[in-house]
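In what follows, a single structure is set out as structure tokens and then discussed.
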């Protein structure tokens with residue numbers, strides 16, 4: 001047998017341009033997750049910044065004593081706002097239980113100082129009048145729905161089982177006596 005070799009020349013069309021285009025498309029597909037991740041992180045940061053600014057604005061606006069911001073909760077008519085609380089100072093007089101019911105009907109409670117702080121400071125703003133507060137003596141002096149009283153309260157008689165406040169501090173009184181009262185409501 002004779003040794004015969006056949007040679008052929010293979011001519012391929014120039015395809016580097018096609019390969020370059022496919023490489024770019026492949027790179028674009030591979031880089032898309034990085035871009036979407038970057039976009040999500042950027043949007044997340046923007047959201048956090050905007051929420052922080054809104055909270056800061058609310059604190060500045062709503063935290064002021066005499067806030068007039070339209071989006072801040074306001075006190076009902078005839079109530080006085082101080083910080084995040086509304087206070088109602090009655091003009092009429094009722095016994096302690098009727099005063100307690102009045103406040104409850106208004107979604108509030110008789111004024112209390114559960115941490116026993118602020119009694120003296122609050123009393124300085126009151127005149128000569130006595131006001132019922134959420135304090136009574138049932139097995140010891142206790143704030144309504146709260147802890148025991150750790151302050152001194154003036155009392156003259158065993159029938160004085162309800163607490164009142166005036167400019168000189170706390171005073172015990174008979175619960176049937178008609179006094180003005182102070183309700184306290186939390187705004188937010």
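Using N, Cα and C of the backbone, Cβ positions are placed for all residues, glycine too.
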Annotated stretch (transmembrane segment, per Swiss-Prot) among the listed ranges 34-56, 57-79: 34-56
Spatial separation of residue 103 (disulfide bond) from residue 82 (N-linked glycosylation site) - C-alpha basis, Å: 17
